[in-house]
Amino acid sequence: GDILDDYSRTDGVWILTRNKQFYETNNEKECADKCEAERNFTCRAFLFTRKKLQCLTLAENAKMTVTFASTDTVLYEKIIYLMQCKRGIGTDYRGTEAKTQRGIPCQKWAEKMPHKPNYTPEKHPNAGLEENYCRNPDADENGPWCYTTDPAMRFDYCAIPECEDQCMQCNGEDYHGEVSRTESGLECQRWDVQEPHMHGFILKHYPEKDLKMNYCRNPDGELRPWCFTTNPNKRWEYCNIPRCTTPPPVSGLDSQCLSGRGVDYRGRIAITESGNACQHWNTQFPHKHGWVPDRYPCKGLEGNYCRNPDGEKKPWCYTTNSNIRWEYCTIPPCDRTEQGIAGMNNVPVQAPLTEECYRGKGQSYRGTTSVTVSGKKCQAWSSMFPHRHIKTPERFPDADLRDNYCRNPDGDSSPWCFTTDPNTIWEYCKLKRCNDHAQE
């Protein structure tokens, strides 16, 4: 790739630095070469002036010193020195964390007290052993560490968070990394091309989903990131993205009361509006379901508390009454205005919520399955690509035609969807009929 891809660019900025070296170069790439080859100090950034074609390699970056405006100057900072997170076991971590996970300050790598180090800047010149910053010169599986300033503790590990573009939180809906192979090793197809597989997942229809290059993404609420493959015989496959070890982001401040649809509700109400006790999310009795806590780690599916994992009208739960599969819960609103709106919209809905099965013809199915019987991805109902159609959310307002979830708006024999394969207009979905009498 381009050498400048390893740098973050800022126009019109100059930084004040003591350690610098002047060079005459013709362009930014030549200046980057000088930075890579710098032996007088660790080059963390460089300045390039277009008019004078002047190149300054720098020991500091904007995080370490003062910046000020300067026309015609471009600052390039090495991304690796700006990152305060680690990728994998962190052998390339070059951040400035300088205390251990217990809060003990680190000993400088060049010092001999209170501990005589085995790893020194002289012995390991490429390991980034500067100052007293946490590093991983020996590829320790537990990540970056340092010698401590406590005589009773020779070394300890540092609490460096993982870079989220290298791992996934939750179900990877916000994954923006650059993994571009599937779990079986197939190369991913670019999102902006239609070969070997034509599809409807294009940037214009999914502007928020970061469908760049051929990187694995999760634009449709799957269990984890996936991609179409470059193998004509394998339409799509999941990607093997490791789960982040750092905990997922916490819910909002209003999570103890009902705000909006209550997607962020994390309170402890565990009874439905008609008085039925809620079934525990991690059990399959009396009702079998697909909302398993391990599969959806960021939906707050703990205990038997009311939740809204699928964007329904308000929080709900499966009930412990074998005759009533699920019901909404009564959650106190965060303000009176929302309470009034909730009251106006409190129309009884007879459809079961997210189920992995359907009843009757499936007209009441409100699950999140978006795959057909042959494994094809569903086209979004609001999209006209690759298939133009009249089954739109506006024409069928009661059919819950959300995203690309399987539905039955026209009374067909079971839930179906238009597919993202231009050669197949529609197919029935990969769903089973509910066994209503199984528990009896």
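Every residue gets a Cβ built from N, Cα and C, even glycine.
Between C378 and the candidates C334, C417, TrEMBL records the disulphide bond with C417.
Disulfide pairing as given by TrEMBL: among C106, C239, C244, C167 connects to C244.
For C257, the cysteine that TrEMBL lists as its disulphide partner among C170, C329, C334 is C334. Recorded disulfide link (TrEMBL): C429 to C406, out of the candidates C357, C406. Here the candidates are C134, C146, C227, C239, and TrEMBL names C227 as the disulfide partner of C188. Counting only residues at least six positions away in the same chain, the Cβ atoms of V179, R181, T182, E183, C188, C216, R224, P225, W226, C227 sit under 8 Å from the Cβ of C239 (disulfide bond). Separation of the C-alpha atoms of C434 (disulfide bond) and C334 (disulfide bond): 36 Å, rounded to the nearest whole number.
In the structure shown, across all protein chains, C406 is the one of the disulfide-bonded residues C334, C406 with the greatest number of other Cβ atoms within 10 Å. Checking Cα-Cα distances from C417 (disulfide bond) against the disulfide-bonded residues (C167, C334, C406, C429) with a 10 Å cut-off leaves C406, C429, in sequence order. Long-range neighbours of C429 (disulfide bond) (same chain, six or more residues apart, CB within less than 8 Å of its CB): T369, S370, V371, T372, V373, C378, C406, S414, P415, W416, C417.
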